[in-house]
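Colleague: Sharing a structure with you now.
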Amino acid sequence: MAKQYDVLFRLLLIGDSGVGKTCLLCRFTDNEFHSSHISTIGVDFKMKTIEVDGIKVRIQIWDTAGQERYQTITKQYYRRAQGIFLVYDISSERSYQHIMKWVSDVDEYAPEGVQKILIGNKADEEQKRQVGREQGQQLAKEYGMDFYETSACTNLNIKESFTRLTELVLQAHRKELEGLRMRASNELALAELEEEEGKPEGPANSSKTCWC
């Protein structure tokens, strides 16, 4: 039986509540968009397999609650992430200003060398824009991150941003990747993570489908 994937790792979506993290996740994994979602409680996740440079990559994508009361629960997931999206809403200056706080959390709790991309979401809401594209580009430059403006509503840059973060993680794990290519019969889990081990490590749960 052919392998379903070659490598397996985790991506994390973080940012203020209401910036559209769940919408980004659903658009990428299921190609669905719903204008309203119940706020994530704790942590939720979805899986998707994509191919990058001939490598089948199984991605476990975690959607974290942005509310302060869930921060103790969600921060435990930073430690095993290989890639992180830091998301703000272009129609919310407040969510943009809070990116500095989220970066600080990543620096404190995520592993060294974790790959990061800055996302300015809800790009379809141009008439409500409070954060200029140039502001996002400048902030990303300051932190050494790639930057995308996205829209889950119109599907703008959804595939592109997720594919790019996947590429960055693969590049960061080049040695393991070369080992995979030399031993094509062996499966390599970059996150040392089996799917059944993805169960939340605490009382986290979600109003949406998840292991809890």
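Backbone N, Cα and C define each Cβ position, glycine as well.
Per Swiss-Prot, the features are:
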type    : residues                                             : note
BINDING : 17-23, SER35, 39-40, GLY66, 121-122, ASP124, 151-152 : GTP binding site
BINDING : THR22, THR40, ASP63                                  : Mg(2+) binding site
LIPID   : CYS210                                               : S-geranylgeranyl cysteine
LIPID   : CYS212                                               : S-geranylgeranyl cysteine
MOD_RES : CYS212                                               : cysteine methyl ester
REGION  : 193-212                                              : region 'Disordered'
MOTIF   : 31-45                                                : motif 'Switch 1'
MOTIF   : 63-80                                                : motif 'Switch 2'
Colleague: Going by DSSP, give the three-state secondary structure for SER151 (GTP binding site).
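Modeller: SS state of SER151 (GTP binding site) = strand.
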Colleague: Fewest other Cβ atoms within 10 Å: which of the binding-site residues VAL19, CYS23 wins that one? Let me know.
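Modeller: Ranked by other Cβ atoms within 10 Å, the binding-site residues VAL19, CYS23 bottom out at CYS23.
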Colleague: Give me the long-range Cβ neighbours of SER151 (GTP binding site): same chain, 6+ apart, Cβ under 8 Å, in sequence order.
Modeller: ASN121, LYS122, ALA123, ASP124, ASN157, ILE158
Colleague: Quick check: in three-state DSSP terms, what is ASP63 (Mg(2+) binding site)?
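Modeller: DSSP call for ASP63 (Mg(2+) binding site): strand.
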Colleague: Between the Cα atoms of SER17 (GTP binding site) and ASP63 (Mg(2+) binding site), find the distance and write it as a whole number of Å.
Modeller: 11
Colleague: I need the CA-to-CA distance for CYS23 (GTP binding site) versus ASP63 (Mg(2+) binding site), whole Å please.
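Modeller: CYS23 (GTP binding site) and ASP63 (Mg(2+) binding site) have their Cα atoms 10 Å apart.
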Colleague: Could you please provide the mean pLDDT value for the motif 'Switch 1' (31-45)?
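Modeller: Taking every residue of the motif 'Switch 1' (31-45) together, the mean pLDDT is 68.
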Colleague: Would you identify the secondary structure of LYS21 (GTP binding site) according to DSSP, in three states?
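Modeller: DSSP assigns LYS21 (GTP binding site) to helix.
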Colleague: Per DSSP, to which secondary structure element type does LYS122 (GTP binding site) belong, with helix, strand and coil as the options?
Modeller: coil
Colleague: Among the binding-site residues listed here, SER17, THR22, which has the most company in the form of other Cβ atoms within 10 Å of its Cβ?
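Modeller: Of the binding-site residues SER17, THR22, the most buried by Cβ count within 10 Å is THR22.
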Colleague: How many other Cβ atoms sit within 10 Å of the Cβ of LYS21 (GTP binding site)?
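Modeller: I get 29 for this one.
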Colleague: Could you round the CA separation between ASP63 (Mg(2+) binding site) and VAL19 (GTP binding site) to a whole angstrom and send it over?
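Modeller: ASP63 (Mg(2+) binding site) and VAL19 (GTP binding site) have their Cα atoms 12 Å apart.
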